[in-house]
Each structure stands twice: as structure tokens, then as C-alpha cells.
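These notes are about the structure you will find just below.
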Amino acid sequence: MDKRNLSVVSEFMLLGLCQSWNKQVLLLLIFCMLYLIIVSGNIVIMILIITDPRLHSPMYFLLANLSFVDMWLSSVTTPKMITDFVRENKTISFGGCMCQILFVHFVGGGEMVLLVVMAYDRYVAICKPLHYSTIMNLQKCIGLVVTSWTIGFVHAMSQMAVIVQLPFCGPREIDSFFCDIPLVIKLACIDSYNLGILMNADSGVLAMTCFILLLISYTYILLTVHQSSKAGTSRALSTCTAHITVVVLFFGPCIFIYVWPLSITWVDKFLAVFYSVITPLLNPAIYTLRNKEIKNALKRFRGYYLHSKKNINA
């Protein structure tokens, strides 16, 4: 049979997080508030880093890029989920579904590599402080960020090259609030078991490689600070704690989804929400609450805004 005659599905049905109308109204309010906090929080961090000269350093340049990535990672899936709470038919077109898969893996893969870059920045700052300004110059930072986006794009395109060629002719219900590779592959009109394992392995290899590199980086950092003074150890651990927390929160769900798939619906949905909503929400909170420079920059920005407002009123 001609494969072109098999791909007759023009849209998919998203089953969402729950079926109860009352719960959906509650979730609508909750996720609307969370999404506004995610966008506004990450935008504030980017504005502070761009406008405050004291934050013009490699670490904060990378942090601004992380905020940008987090904002887009949440924006790929959350607005669609919010609008679906008030819709009876939660459908998504075939093209829209493919776009979600593309951008989730593009942005998610880029963030994985970016977190490795941030760990490398901390490794150089703590383990090779005398050479830090030479190694982590602006050109090097831009190159590393471009590399992270390039790897994310190549990873996403490698997935899409397979997914878009699959024949879809029967089932079209996706038991989630967005399209993801493991769920979409199950709907293909072929024996997809081996293909599902292969595609999960593709994402799993990227996640585990980045996670191992992160472990190596922070192991070197901990070994280095262990040999230094207690004051140096305290400062280094304070600097790295936020990074380590973000790494655990981001890679935990990814590893369970793609490396160790549980195939338990409510667990998969919880991990998907955590990955796409909670992590982008916690990142700005972690970095702002634990980082004195960011908090001081916020105070300076607030003072400058109030001073400007007084001058205008006068």
C-alpha cells in the first residue's frame, strides 16, 4: 500500500491533564498565574543583566540566556494547555503537533547543553581563577551559547526527520497536554516498539551525556574547594548550589521520561508539567533568591525607576 494513502490524520486529540470541568477551571487559574510569573520573572532577570554594568560578566551572560531559553521552553506548551482548559475539543493540527515536538526538543536540548556550559564556567572560575578572564571572554561565551543552540537544533531535526515520515491512519488521541515523541509514535500505523526505544535512546543519550559532564565538572569543583580554605569553600559552594539545584530539577524529569520511561500515565503527566512549567518557574526564583548580585541589581533598578518617576512628576 502507498504510504501516502496512510497518513490521513489531519489533527490529534489531546486528552489534557484531567476530564473534570471544575478541576480544569482551577488548573486554568493556577497555570495562568504560573505562566505570567515565568514570563515576567525571566524577563526581569534578562533586563537586569542587560542594563546593570555590574552584571556584565560571563556567568550572568549565560544566566540571561538560560532565562531566555526557560521562557521559550514554557511558551511552547503552556499557552496551548491553558486555552485547552476552556475548550471542549482539545485538538491540535498535525502541523501544530510536529511544531511542538520540534521546539520542545530544540529548546530542551539547547538548555541541556547550556547548563553544561554554565558548569564549565563555574569550573574555570573556581579551579582556574587566574586564567578565568582569558578563557571565558565574550567571544568564547557567545561561541558556547551558539554551540548549545546548534546541538539542540541538530537533535530536534534528527527526531523530526523520522517522525514526519511515519504513517498516521488510525488512533489520534494523545493522553497528555502536548505532543511528545513517545506518545505520538504509539499512534503510527506501524509496529513502533523498536522505533520508540530508538527515539527515546536518542534523547536519552543527549540527556545522560550532559548529565555526566555536569557531574564531572562539579566533582572537580568540589575536589578543588575541599583543598582550599573554609572561606573559599563556603563561597564556592554558595555559588554552585543554585546551579546544582537547577540541574537536578531539570534533568530529573528528562531522565525519567526518556532514559527510564515508566509508562504510568499520571506520572508521565506530572513529569511533563514539572519539565515544562515548574522548572522554568523555579529557575528565576532560585537564582534571584540565592544570588546577592541579582538582588542588589534589582534594588538599584527599583531605586533608579523611583528616582526617574519622581523627576517626571516634579
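Yeah, the Cβs are placed from backbone N, Cα and C, and that goes for glycine too.
In TrEMBL, annotation is done automatically, which means it is predicted and not curated.
Feature list (source: TrEMBL):
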type: DOMAIN; residues: 41-287; note: domain 'G-protein coupled receptors family 1 profile'
type: TRANSMEM; residues: 25-50; note: transmembrane segment
type: TRANSMEM; residues: 93-120; note: transmembrane segment
type: TRANSMEM; residues: 141-168; note: transmembrane segment
type: TRANSMEM; residues: 205-225; note: transmembrane segment
type: TRANSMEM; residues: 237-260; note: transmembrane segment
type: TRANSMEM; residues: 272-290; note: transmembrane segment
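For the transmembrane segment (141-168), the list of distant contacts is 3, 6-9, 58, 61-62, 65, 94, 98, 101-103, 105-114, 116-117, 120-121, 181, 184-185, 187-190, 192, 195, 199, 202-203, 206: same-chain residues at least six beyond its ends, Cβ to Cβ under 8 Å.
When Cβ-Cβ distances below 8 Å are used as the criterion, the transmembrane segment (205-225) is approached by residues 109, 112-113, 115-116, 119-120, 122-123, 126-127, 151, 155, 232-233, 236-237, 240, 243-244, 247, 251, 254-255, 258-259 of the same chain, each at least six residues removed from its ends.
If one looks beyond the transmembrane segment (272-290) by at least 6 residues along the same chain, the residues whose Cβ comes under 8 Å of a Cβ in the stretch are 17, 31, 34-35, 37-38, 41-42, 44-45, 63, 66-67, 70-71, 73-74, 76-78, 104, 108, 176-178, 180, 238, 241-242, 245-246, 249-250, 252-254, 257, 298.
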